[in-house]
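Positions annotated as domain 'PAS' by TrEMBL: A:146-225. The annotation domain 'PAC' is assigned in TrEMBL to A:220-272. Marked as domain 'HD-GYP' by TrEMBL: A:277-467. Feature annotation from TrEMBL assigns domain 'HD' to A:299-421.
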Amino acid sequence: MTNPSPHETAPNSAADAAMADASALLFHDVPAAVYLRSVDGRFLEVNNATAALFGYADPAAFLAAMDDCPEQFYLDPNARQSVLDALAAGEVVVGRRYQAMCGDGFVIWIEESAKHTVSPAGDVFYVGFLRDVTEEKSTSWALAEAEEKYRTIFENAVEGLFQMTPAGRFVTVNGALARMLRFASPEVLTGLGDAAANLFTHPEDRQFLHAALSETGVVRAMETELRRGDGSRIWVSVQARAVRGGDGAVVLYEGSMEDVTERRRSQEALRHNLKRTKALFHQTVKSLSTTVRFRDPYTASHQDSVARLATAMAKRLGLDRDAVDCIQVAGQLHDIGKISVPVRYLCKPGRLVGLEWEFMKQHAATGYEILKDIDFPWPVAEIVLCHHERLDGSGYPRGLGGEDLCQPARILAVADVLDAMASNRPYRPALGVPVALEELARHRGTAFDADAVDAAREAVTAGDVTY
Amino acid sequence: MAEKRILTVDDSVSVRSLVSSALRQAGFDVVEAVDGADALDKVGGGFDMVITDINMPNIGGIELLGILRERHDTRFTPVIVLTTESQKILRDKALAAGASGWVVKPFEPASLVAVVRRFIGRT
């Protein structure tokens, strides 16, 4: 005690009084709740901290409230009785915890420690110490409640959730995953141990999963096929992240999987359908092209050859798949308009003159008319209309110049001329490939596209097309 | 005397069942609600007391308290808050909104029964 006394030389009684004052200060102002009660359990004196602990303005208010209520601040009468019984039996009460009622309706958790004591006059009292432990108690409870909440989310999730060791053992799975994989319960699935690794029908997928998770820590939408508990197969999409141990090694994967079997099946069906539709398209084009055969077999086979040659040229020019398909279809149908040309002109040996020639020239426009209403993915009718145009404007029907002619039309023009000269025609025998190439070379870069002429030469020389 | 009816509101199923079993054993009639919105659907039947959590989905405890105090049929129904929150500022807000008491979880069944009895007496 450092409280300086002004009466240092005073007689003993004054010193005793000062000590009593100091003791009172110690009792009332110590920042811990302390009480003195009689052996019948009544509170005789409490300090300020005790009053504050229970929400009372001062010790007097606390004492009055306790006198009014037989249970005092104890909510469970047994808690109060057992403290008093223990003290009466001479025991020291240490760290008893129970709920207590404050003056303002607040119910807190307190911890009580007490022992009995004897005054100099020989009277027995109980002295005790109270502590607010509400926060301690509620924190652990809040944690338990939060855990329950997350467990509920985990167990009721629609997606299959899992924790898996790198060896393939399921550590934790939810009900949705067990159902998805057709196991009776999550426990059966976790009970498989490392054998669960065999659920992957493609073991390399599991190795990939491990490699990807070690490398980047995350895997998204990885599709793999699994064996189910009943032996059937399922395609799943896996999302997972790696959980690493202290040494940085991956110790656990956790994530979710979703059944994508249906989606994959419909994608497969869609792919199949598309393939069929494409085949149907090419068959239709071919049939259309064949209609010419019944009046004019030469034109029919000419269309087949031009389609082949133009396709080979387009490939040599490095065109993409779609452009090659376009050229093939245009080649296959480029002379369809000859349906409107009288057969006697088509087969006439020698030059066509006057009206005959006018009739013949009409076939490009007729082809356009026949094809223009078909919704091809490419401008097939336009290309057919242009297949007799020349870069220098000397062609027909419109006499267009180079800048107006698209690449497919340029390729088709060259293929048409080469095939016409290299093949037998009804009106003359074949002139031969060398003559045809010579003719093309003569007009290379003027009437004919230079690249197309080169491609035609390469295609024929390399044997892509034979005559 | 008819059993006193108590509505217990908590989004945790384990807390609800702890409250229910403690109060049923003490002779109270208990109805459970999973959050404030559910409580408002059920409270119409006339309850002697409402025991509510604070942090819940949909309608939380403080908001529920405010609505109960507005409704003429629940204006004077004692409401005890049962929560893991112990902050004085929240507690003062609840008391100002008309809460009768504030019990910090966890709770002893006997203590909860004692609190209820202090507010609405014996069944």
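Each residue's number is its place along the chain shown, starting with 1.
Heads up, the Cβ atoms here are built off N, Cα and C, so glycines get one too.
Small disclaimer: the values here were computed from a predicted structure and weren't measured.
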Structural state census, the domain 'PAC' (A:220-272) (DSSP three-state): 12 helix, 30 strand, 11 coil
Secondary structure content, the domain 'HD' (A:299-421) (per DSSP, counts of residues): 81 helix, 0 strand, 42 coil
Stretch-averaged pLDDT - the domain 'HD' (A:299-421): 91
